[in-house]
Structure formats: structure tokens, C-alpha cells
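Novice: I'd like to ask some things about the structure below.
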Amino acid sequence: MVYLQKQDKEVFDAIKLELGRQRANIELIASENFVSEQVMEAMGSVLTNKYAEGYPGKRYYGGCEFVDIVEDLARDRAKKLFGAEYANVQPHSGAQANMAVYHTVLEPGDTVLGMNLSHGGHLTHGSPVNFSGVLYNFVEYGVREDTKEIDYEIVREAALKHKPKMIVAGASAYPRKIDFAKFREIADEVGAYLMVDMAHIAGLVAAGLHQNPVPYADFTTTTTHKTLRGPRGGMILAKAEWEQKLNKSIFPGIQGGPLMHVIAAKAVAFGEALQPEFTAYCEQIIRNSKKLAETLQANDVAVLTGGSDNHLLLIDLKPLGLTGKAAEKVLDEVGITVNKNTIPFETESPFVTSGIRVGVAAVTTRGFDEVAIEKVGVLISEVLHNLENEEVLADVKARVANLTNEYPLYPSL
């Protein structure tokens, strides 16, 4: 960043501070990851200068012959990665990918069945504060109060009752596997479209460690970061018959020019995900997640559903008499980054919450194995049991520093 350092020291200094934070902290926010240096290089390339409204071979601007190569690479790699007939890599985010699908087959006021946000869903799955809940008539399904897991018979009953035009499967805070085949059966029974938002688990799906929704869903959306370990962005997968309508929904429907530097970075990340090393990485994610859940529970910290099948888990703080807001703050002070999160049947506000969400994708990228993640579980437990004990917190902070020093992040930057 030699040019930035010379020309804009304020921005340069802020970026360096953030790099220092990422290096020094144990990053456990489930939606975050550390991209490779080559993904960052693509993001910072001259492609940021190029406007390319339209699609490869059908642009509204001249001079697109080389960005066409990049977008074709991204689309082809995405289709290969997930076994899809069609891929659109232009959505700027997962939210815009979801918006485009809704825009393709729904009319304002149509009924959609989606997962309750506090039970693990997402804002774009019908939250009243989101465009989805404003434009469409979303009705909810959730998890069982006893197991905190999806009960597919309850989903079926809701579908039969409300007769939705679309069912949305997928979650932002659900630690167990989702059976997309069962969702397909329910959708077929009521004549609904099925959209799967696999944003959190896309990397695990690509690695063959979670059921692939693409064969079952009419539309599959995802972000390209999180477990897929690419740049921040979105993507839509579907059968070839939807190509024309979905393309129009993205452009000119809800977006203008695509971000070609981001699409290049997506292509790089998809190429990485096609390698055997990526499968090994995702296998380590699962091992780490299970070890973290096991360690927390052994140290009297409540883990919802008793464990995890993916990269994340939810901690229930009610037995400890804590709030997510308080726990997030103190954990951050000792160098452990998590986010407060609502839990099923929540009694606190979304700004306070009764839980925290913890994910291991980023630390696994950093090289943490089961031995290291067990240490992380012990550190979290010590903080949660000693939230106001300055001596314990100081000791944890020192041990966090020792642990992160063992696993250098971006040493070449």
C-alpha cells in the first residue's frame, strides 16, 4: 500500500489498525473469514475501472472483451463447484441475490414461508424491518422449543395452512444440517417455489460436507464470503430455464453495472474451492466446530442443540444470567470477537439478546486445529464465568495474545 501511505495517511492508518486487530484477535464471527492474498489482489486490480452493464457477449459498453473472460470464468467455476446449470455472479450481496429471486417470481403481497429471524433465519427471509417483510406477506416457521431444531412436519403444516407461493429454506444462525429434500417435498405438496439461501454453508456444500440444495431448489442463493472464503458478494444458481428472467432481474431490474474487480475475486475464490485443499479445510472446520461445542459444554456453557453440524454454534447465556450484549463487549476487550445473537424463543431485545453466535471458519483458515480450538473454548468459558473479574480477564487477554502469535495472519502485508 505504498501509494496509499503516501497520498492518504488517514485511510492508510485506519487500514493498518484493522490489520492489527485481525492479527491480534481470535475472530469468531460466523459470517467472517480471511481471504487469500490472491483474492485481495484481484479485488484491488484495474478491473475496478471498467463499467460492464449487461452480460458477457451482450454488454451496453465497449471494451468489455477482457472482463467477459473474467465473468465467464467465475460463472463456469461456480457451476462446476455446485453442479448448477446456471450461475449469476453479479449480485453485490446475498441480500441482493435474494431480492432478485423474489423480483423474478413474486408480486407484492404474495405469501412466502420463511424461517423466523430469532430462530435462525435472516433479515431477507421476511423480517418486518427489511424490504422482504414490507413487500411480501411472509409467514414464519421456526424450531421446536425442546430440541431447538427444525421440525419438518411443523413446516409442512404451515405450508398447508398458508399455501405460500414460495418457501425459503436456509439460515444465518442454525447449527444443524438442513434437509433440502424434505423442503422440496413440502414445496411440491403445496405447489410452491423453493428458494434455498445457503450463504453460511456454501463452502461446506462445495466440499461435499452438507447436502447440496441445487438439485432440490428452484433457486439457490449465497454470499461468496463466509465459508466459501471469497470476496464479499452474492450469487444465484438455478436451472438453465431461468437464465433470461434471473439475468433481467439483476440487470436492469435491481442493479446497474457489475463490480468486475469483485467478480474477478469471486473467480479466484471459486478456483480455490475446486482444489482438494479446500475440502481438507472444510473438514477441519467441522472438527473444530464440534470440538469447540464439546469444550464449552464441558466447562458449563450451554450450547443450543447440544452441538453443531456446520461452522457455527449458538451459546445460550440465560443459565449464566448474562446477556449477549455484555458477553460480546467483554470478550472483545480480551481479544475474542463474537456477535450477540437472538436465540429461539428470545425474551430480550435484538440489541441485547440472550445469546452469542460463534463460528470457526476464520480461525480455521488461520490454521487453528482441535488443540488450538480447545484452548479457545476454555478461554471463552473463563470469560463467561468471570465477566467482572479483572484478574481473570487480564490473564485471558495475555493467553489470547500468545495463541494468536502462534498463528500469524497475512505475514507478507
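Placement of Cβ uses the backbone N, Cα and C atoms for every residue, glycine included.
Pulled the feature table from Swiss-Prot, pasting it below:
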- LEU117, GLY121, HIS122, LEU123, SER349, PRO350, PHE351: (6S)-5,6,7,8-tetrahydrofolate binding site (BINDING)
- LYS226: N6-(pyridoxal phosphate)lysine (MOD_RES)
- HIS225: site 'Plays an important role in substrate specificity' (SITE)
Novice: Roughly how many angstrom lie between the C-alpha atoms of LEU123 ((6S)-5,6,7,8-tetrahydrofolate binding site) and HIS225 (site 'Plays an important role in substrate specificity')?
Specialist: 18
Novice: Consider the binding-site residues LEU117, PRO350, PHE351 and say which one has the Cα lying nearest the Cα of HIS225 (site 'Plays an important role in substrate specificity').
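Specialist: Ranked by Cα distance from HIS225 (site 'Plays an important role in substrate specificity'), first place goes to LEU117.
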Novice: Helix, strand or coil by DSSP: which one applies to PRO350 ((6S)-5,6,7,8-tetrahydrofolate binding site)?
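Specialist: SS state of PRO350 ((6S)-5,6,7,8-tetrahydrofolate binding site) = coil.
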Novice: Which is it, of LEU117, LEU123: the one of these binding-site residues whose Cβ has the most other Cβ atoms within 10 Å?
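Specialist: When each Cβ's neighbours within 10 Å are tallied, LEU117 leads.
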Novice: Just how spread out is the (6S)-5,6,7,8-tetrahydrofolate site if you go by the largest Cα to Cα distance in Å among LEU117, GLY121, HIS122, LEU123, SER349, PRO350, PHE351?
Specialist: 17
Novice: When you measure from the Cβ of LYS226 (N6-(pyridoxal phosphate)lysine), which residues in the chain that are at least 6 apart have a Cβ under 8 Å away?
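Specialist: Sequence-distant Cβ neighbours: ALA30, SER31, GLU32, ASN33, ALA199, HIS200, ALA202, GLY203, HIS311, ALA361.
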Novice: Around HIS122 ((6S)-5,6,7,8-tetrahydrofolate binding site), how many other C-beta atoms are within 10 angstroms of its C-beta?
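Specialist: A 10 Å sphere around the Cβ of HIS122 ((6S)-5,6,7,8-tetrahydrofolate binding site) contains 23 other Cβ atoms.
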Novice: If you draw a 10 Å sphere on the Cβ of PRO350 ((6S)-5,6,7,8-tetrahydrofolate binding site), how many other Cβ atoms land inside?
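Specialist: Excluding its own Cβ, the number within 10 Å is 14.
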